[in-house]
């Protein structure tokens, strides 16, 4: 934890400097590689970790080495991870998907914005200094057309996005030749389908079945295609966003870039303070990953924070505003029904979801059904016109382990399953949000209930936190639950930072939350038996046993922390080649002793073999050549 707290001015200045000096940066001893597909422009980025050779013998003067293969890994950093690409936040990222969108011929540019709020913001000269300068002309589906990846998948069309994803999900494992690295324990997949090789047709089939989604708004062409589904790698979401009391546009863009560097597969902008519209534009134009929002937050701002004053018209305008900016998925709390609210009365912690509490208050004050539920088909029509995926929010999720798996939670979940079928009628992609706070023994039921009642739509959970006693460490309490539910089939995990329940996370908190959740997601992939998931573990173990310290650092999820911890006690360069670490020292290093035992055993085997041959030679009379019948 930092010893000195920066002032607000210092934080903004630091963020501005980060943006102004931003350039493509590779991780230590890594390089950016691209694997091309058959569709024009399909060029899938990955990070390749270069490894040093293994000493296998020879003399001090003439050592003999064996090369170690480079390890390809999934990379969410987009252009920010390529030192060859010039970064200019003022201009935004290259529009990777624009040619693919245009080639389909089913969209049209809008001459005027559909949202009244957007029109008002654009007409306000006072916002010129805050506004992103390179605004896109938004597109929407032509009349009578649907432009969703689900629609294409159901038509049997393999889009460039699907091919991109197939290559990306395979993680370049076909490049690995070593049997040691390719070895993998069988997993327990709990019914997940995990093919040895992911093809574009498999991606299409999973999307068509509703088991996976590709969040890819036609107005966010900068994003690199990714997929969320239990038959693919477990994904991680990072939340960012300003509030009424802290953070700025510069800081949120900095957090976006930082999040993608540390492995965020998607980012949710949960801004609730001033300049929500302008902040979101900067984020979208500079984001290589899908961006999600909770539109009710901004709709509430438009009615001065008074939940009772919310209207369908204000909410609809917000959906159009955000869809035309390029938001890839909306969290919609349409399952918080009026009749479910009394079910929460006996809870220890009531309704803890911000969106859920807003809708519950609206329902009670008007004594009417949730307007999101009532207008759900209209919501789907909007989403189908821009390919905005729906993340059906768990507004009644438990906020404490005491409230886990209660009547209200599962009543809402069943309603989300009904809404999923409605969304699919409109070819709208859907995932389901889940808890929350759930003790370990109760976690699996959440997954089985979701699969049964939500028709195998992807599950997306916040943790869950497995205990409530550790404020300041809730990235850890939730990481346990995240690893478990990821193993059981959860498709995406929403990270929790050390600041959960305590305050708005800063840059370092974002990193800590992401590293924790990348560990959880990877552990789940290993447990499921996702093909190739163990390659990096095997490479790390081999480097560890061979005392290749630099490779150990570079294979780590966080190379900088691994190196820093090592250097606290062995800072000299000689420590990077030592056959021990400071924990056991040179005489008691288990791996060094193990190597000596293995070498000794190998030598003993040779000696015993030679002795046996010698005895056999003497028993046959000591003749060099034997007659054929004696041989």
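Glycine residues also receive a Cβ, built from the backbone N, Cα and C atoms like all the rest.
Now, the feature entries from Swiss-Prot:
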| type | residues | note |
| --- | --- | --- |
| BINDING | 239, 268, 297, 333, 353, 354, 355, 394, 395, 396, 397, 433, 460 | substrate binding site |
| BINDING | 437, 501 | Zn(2+) binding site |
| BINDING | 581, 584, 589 | [4Fe-4S] cluster binding site |
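In this structure, the C-alpha atom of residue 397 (substrate binding site) lies 8 angstrom from that of residue 437 (Zn(2+) binding site). In three-state terms derived from DSSP, residue 395 (substrate binding site) belongs to neither a helical nor a strand segment and is classed as coil. Of the listed binding-site residues 397, 437, 501, the Cβ environment within 10 Å is emptiest of other Cβ atoms at 501. When the binding-site residues 297, 460 are compared by the number of other C-beta atoms lying within 10 angstroms of their own C-beta, 297 comes out lowest.
According to DSSP, residue 501 (Zn(2+) binding site) sits in a coil region rather than a helix or strand. The Cβ of residue 239 (substrate binding site) has 24 neighbouring Cβ atoms from other residues within 10 Å, across all protein chains displayed. According to its DSSP assignment, residue 437 (Zn(2+) binding site) is in a strand. Under DSSP, residue 355 (substrate binding site) is assigned to a helix (H, G or I) in the three-state scheme. Classification of residue 460 (substrate binding site) by DSSP places it within a strand.
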